[in-house]
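J.: According to Swiss-Prot, the protein has these features:
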{"type": "BINDING", "residues": "ARG86, GLY124, THR125, ARG126", "note": "phosphate binding site"}
Amino acid sequence: MRPSGRKTDQMRKVSFERNFSKHAEGSCLVKFGDTHVLCTASLEEKTPPWLRNSGKGWVTAEYGMLPRATGERMKREAASGKQGGRTQEIQRLIGRSLRAVVDLKELGERQITIDCDVIQADGGTRTASITGAWIALYDCLKWMESRNMIKVERVLKDHIAAISCGIFASQPVIDLDYLEDSSAETDANFVMTGKGGIVEIQGTAEGTPFSEEEFTTLMHLAKNGIAELVELQKQAIA
């Protein structure tokens with residue numbers, strides 16, 4: 001039995017609140033149960049130095065957690081003067097995931113930065129960030145299209161969503177919350193496109209190694225869950 005009472009293949013309630021920020025070109029408050037992340041997309045008319053005069057743009061991401069996003073207050077990383085390894089890993093994952101469905105040539109020599117700020121954490125912050133970041137990116141591109149800068153359908157090739165799966169109490173489960181994640185035997189994150197293409201899989205056995213059969217089950221759970229998330233994205237932008 002899962003602590004939340006959910007079935008093994010049941011995700012938490014997911015919601016998207018678009019245009020949460022009045023300043024950003026695109027923004028979305030995404031909620032996966034009690035995990036809440038604010039995703040904002042900011043447009044700059046410049047590219048990183050290595051892309052100058054290439055005709056290509058860039059999509060990148062930054063990730064952070066508010067000090068009291070968790071049970072006990074965390075020290076701000078800015079106060080220590082450097083980002084932690086986990087933060088760097090997650091923000092690179094978000095950027096890679098989004099770029100997988102963006103035609104950088106069609107974007108032109110511009111940069112879109114997605115900021116993912118975790119307001120409240122209860123497991124799955126990176127997967128919620130990726131899923132919400134796609135909405136923020138979409139709205140940023142729609143903002144650009146309204147000013148005749150780009151055509152969204154040429155720049156954005158597909159949806160991107162992500163979900164966690166793992167083995168908890170010897171059962172393969174989807175969308176782990178903190179209680180499950182902190183004691184899971186196996187923890188994995190899946191990032192996939194709307195068409196079912198695999199962008200990234202991160203999987204770790206926390207205790208006992210997992211079998212190929214168990215991995216296949218997790219993959220099946222993730223595929224179904226991501227299809228559900230993509231459908232929710234489509235409903236949100238309709």
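Just so it is clear, glycine is given a Cβ too, placed from its N, Cα and C backbone atoms.
Remember, predicted model here, so these are calculated numbers, not experimental data.
In the displayed structure, how are the listed features positioned relative to their neighbours?
T.: Taking a C-beta cut-off of under 8 angstroms and a sequence separation of 6 or more, ARG86 (phosphate binding site) has no same-chain neighbours.
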J.: Report, as a single number, how many Cβ atoms besides its own are within 10 Å of the Cβ of GLY124 (phosphate binding site).
T.: 25
J.: Provide the number of Cβ atoms within 10 Å of the Cβ of THR125 (phosphate binding site), excluding the reference atom itself.
T.: 23
J.: Rounded to a whole number, what is the top Cα to Cα distance in Å among the residues the record ties to phosphate, namely ARG86, GLY124, THR125, ARG126?
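T.: Farthest-apart Cα atoms in ARG86, GLY124, THR125, ARG126 are separated by 13 Å.
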